[in-house]
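Undergrad: Sharing a structure with you now.
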Amino acid sequence: MGSYRMCVCFTRKYRITEAEPPSDVKDAFKKYSEGGNHMNADQLRQFLVEFQGDDATTVQDAQQIIEQIHHRRHHHHIPKFRRHSLTLDDFHHYLFSVDFNPPIMDKVHHDMTAPLSHYFIYTGHNSYLTGNQISSDCSDVPIIKALHKGVRVVELDIWPNSTKDDVHVLHGRTLTTPVELIKCLKSIKEHAFVASPYPVILTLEDHLTPDLQAKVAQMVTETFEEMLFCPESSEKLEEFPSPEEMKYKIIISTKPPKEYLQAKSNKENEDSSSFKRRDSNEDSRKTDTTEPANREDEEEYTSDSDASDSSGNNSKSSKNDRRREFNGDSDENNKSSSKIDRSLSGEPPEYLSIIAMHSGKPKGGLKEQLKVEVDKVTRLSLNEQKFEKAVTLHASQVVRFTQKNFLRVYPKASRIDSSNYKPLICWMHGVQMVALNMQGYGKSLWLMHGMFRANGGCGYVKKPEFLMSKGPDNQVFDPKAKLPVKKTLKVKVYMGDGWHLDFKQTHFDTYSPPDFYTRVGIAGVAADEIMKKTKKKEDNWTPVWEEEFTFPLTVPELALLRIEVKEYDMSEKDDFAGQTCLPISELKQGIRAIPLSDHKGEKYNSVRLLMRFQFV
């Protein structure tokens, strides 16, 4: 019984009652129990196979379910003759249990033996930040949290400390407080494979001098030891191994050191007798020896401020000078002839030896950067704005590039509040590393959570075959093409429960029980996107809707089912009451219990919906 005070002398009382089973549940029980009051193990197995589509269920599985339901509900305090069957209430309890009747599979079931570039990979951006991009703390805690959620790509910005004798992780040229690199590395080693055995990729945004790069190489090799994946050759791999081959491995990805790139370029130019001398004005230009030796995301670096040194502080060098330095046109590259000689002699620098996945930006425009080289696999990083431009001008080329190479997309620099962009356009074009701020809660991150609930939540989702194939005329998938409906999903929203257990009585309304309604829809290609909603149920903690919706799908392989419950408020914005996103390719047919999460993506203890899914 709940009481709501209306005024000094008047109180409204409401009874929280358990809703009875929906009519579909009653009908299913009646059919499979053959009109009786109890359903035995064989009848339950028949229901699970025919109605729920769980084809592999045996009588022994069904009997185990019955025993578990009795143990949870009755603690074995029931007559012996009833211990091998379910009543209607038991049956309803089973269907409405998230533990017994989840909506998607919870085990890895995709082929994990294809090259790594054939997978969407759960990717974080600035993984060390606890809040906004300007003034929040840097810590290993958000890295640990991300790894526990199944994130497989962790990004670290590494800078010299104030005395330039050690390496810190921080967002440069901001007020973020640093954390020691070694602390982050140790935490990654300890927590990398808690949620998934598949490889963790560590992307480094490197702003270090060569001596500190050598120190990082030592830290990485000593911390990760045999976990570190190091190719035999310092050159780029022609094809990356599979997730299965690289279980429990750490992969380092960044740009190779500048002296290696310069020496390699010089050697190639000499071999082809086409070496071009630098302009004398550029040769005479002076540079700071502490200028960043390597930069992962050049656009982000140049857009954050007009100038910086390697400690993250402002300096007087111009933006144009810095761009020339990033292209290798600076005296810094000539200051260590011994390092260049080592590269030319075939002995790679230590730092180079730990880089398994080379990243870089070829000179030229987007078309040049998206060229596919037959004998190399590389990683290209673009901010969301450049990516939008790329898919506007070169959509087919982006898809072809991602069939072999890795593409990483990250938020634009102006998202200082750690908000996120829409990830679906990236997945539609085959982008493997869609980097989002894991602390940027909202719809975009909910979609990310939904995508990577697939394949047992292991952090790797096999791309649909149409993103990896080419037609007879070399054509590839076009997300904007008008396609026929491939399948139709019917969704029925029966009821919800659990809010009275997870929320205070007056959380939604001071004077009465909540008025819940559910929004259901599709996130996917433009033709599939839609949101619908149920009617609101007034003054009810356990609302019953029993409403059905139909969703035609042209690209079900990339579609996500969005579910959001809200509480109607007449005078203000409707209150949030839970959400989830589910990959449609993984949905189990039949009546399922859907657990809901809060706005951060953390699952509620009790709040859930009862829904039915049918593919026609």
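Glycine is no exception: its Cβ is also placed from the backbone N, Cα and C atoms.
Checked TrEMBL, it gives:
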- 265-295: compositional bias 'Basic and acidic residues' (COMPBIAS)
- 296-307: compositional bias 'Acidic residues' (COMPBIAS)
- 308-317: compositional bias 'Low complexity' (COMPBIAS)
- 318-344: compositional bias 'Basic and acidic residues' (COMPBIAS)
- 381-467: domain 'PI-PLC Y-box' (DOMAIN)
- 469-598: domain 'C2' (DOMAIN)
- 259-347: region 'Disordered' (REGION)
Undergrad: If you average the pLDDT over the domain 'PI-PLC Y-box' (381-467), what number do you get?
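TA: Summing pLDDT over the domain 'PI-PLC Y-box' (381-467) and dividing by its length gives 97.
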Undergrad: In the domain 'C2' (469-598), how many residues does DSSP put in helix, strand and coil?
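TA: Helix, strand and coil residues of the domain 'C2' (469-598) number 10 helix, 60 strand, 60 coil.
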Undergrad: Looking only at the domain 'PI-PLC Y-box' (381-467), how are its residues distributed among DSSP helix, strand and coil?
TA: 41 helix, 15 strand, 31 coil
